[in-house]
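Feature list (source: TrEMBL):
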type     : residues : note
COILED   : 94-172   : coiled coil
COMPBIAS : 232-257  : compositional bias 'Basic and acidic residues'
COMPBIAS : 258-307  : compositional bias 'Basic residues'
COMPBIAS : 308-341  : compositional bias 'Basic and acidic residues'
COMPBIAS : 351-361  : compositional bias 'Basic and acidic residues'
REGION   : 232-361  : region 'Disordered'
C-alpha cells in the first residue's frame, strides 16, 4: 500500500464516509446487510489471517474503514448490538478450525505407531515444554522489538530453565521406548491454529510458530470471540432486565388503570345512586310541597270562606245594629207611643173578627 493510500485509509478511519462529500460512498450505510459486522468490530478472520498460510482471501461482504468509523461514532449514541452477528461469524469460523484439528489428530493416530499410555504421557510433557519455550521466545522477541531489553533478558533466562526441563523430559521419553521408535518423528496438532508441531523441533522452529502471524491471529480471534460472548451475555442480561422492568411497569400501570377504572365505576355508581336519591328526594319534596300547597290552599280557601262568613255576619250584625240604632233614634224622636190608639186599634180588630165569625155562622 502506497503512502497516499495509507493516508486515505487513516482519514477514512478517523472521519468516516462524509469526510470529502463523496456521495457514492455514502450510499452504503454501515447498517446495511452487505457490510461485514466483524470488520466493523475489527475481528474479521479475512483481515486477521491475511498473508498467512491460511489466508482466506477477500471477504464476501463490504470492508471499509470509513464505515467502521461511522459505526464507532454511532455506537457512542445508541447500542446497535452488532456483537451478536460478529459472534456468530467467529463461532462458525472457530468451529471449522476445531473440526480440522480433530481430523488432523485422527490422521496422526492412524499413521503413527501405537504407544503405551505411559510413553504417551511422557511425549505429551515434551510437547508442553516445547510449547512453553516457543511462547517465551516469541514474547522475548516482541519485547526486544519494542525496546524493552531488560524484560526480554529476564524471559530468555526463563527459557534456559525450561530448556533444562525439556532435556530431562526427552531423556525420560527416550529411555521409555526403543531407539528405532524414538528416531521416528512424533507430530502433534496445535490446539490453537491446527498446525503440526514436531516432538524434536528446535527452538527456532518453535519460536517462529508461536510468534508467527498465523498462531497469533488465531489467538486474537479466539480472545475476541470470548470477549464478544461476554459482551453479548451482558447485553442480553441487561436487555432481559430492561424487558422485565418494562413488563413490571406495564403490569403496575395496568393494575393502577384497573384500580382507577374500578374507582371510576364505583364513583359513577355512587353518583348515579346519589343522583337517583336526589331525584327521589326532590320528587318526594315536590310531592310534599304539592300536598302542603294543596293543604295550604284548602286551608286558605276555608279560612277565606270563614272570614267571608264572619265578615258577612259582622256586616249583617252591623247593619242590624245600625237599623236598631236608627229605629231607636227615630222612636226617641217620635216620642212615647200612643197607647190609646193602639188599644182602639185592638178593639176594632177584635170587633171585626167577631163580626166575621157571626156572619159565617
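Cβ coordinates come from backbone N, Cα and C, glycine included.
All TrEMBL annotations are machine predictions without curation.
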If you average the pLDDT over the coiled coil (94-172), what number do you get?
81
Using DSSP, what's the helix, strand and coil tally for the compositional bias 'Basic and acidic residues' (232-257)?
26 helix, 0 strand, 0 coil
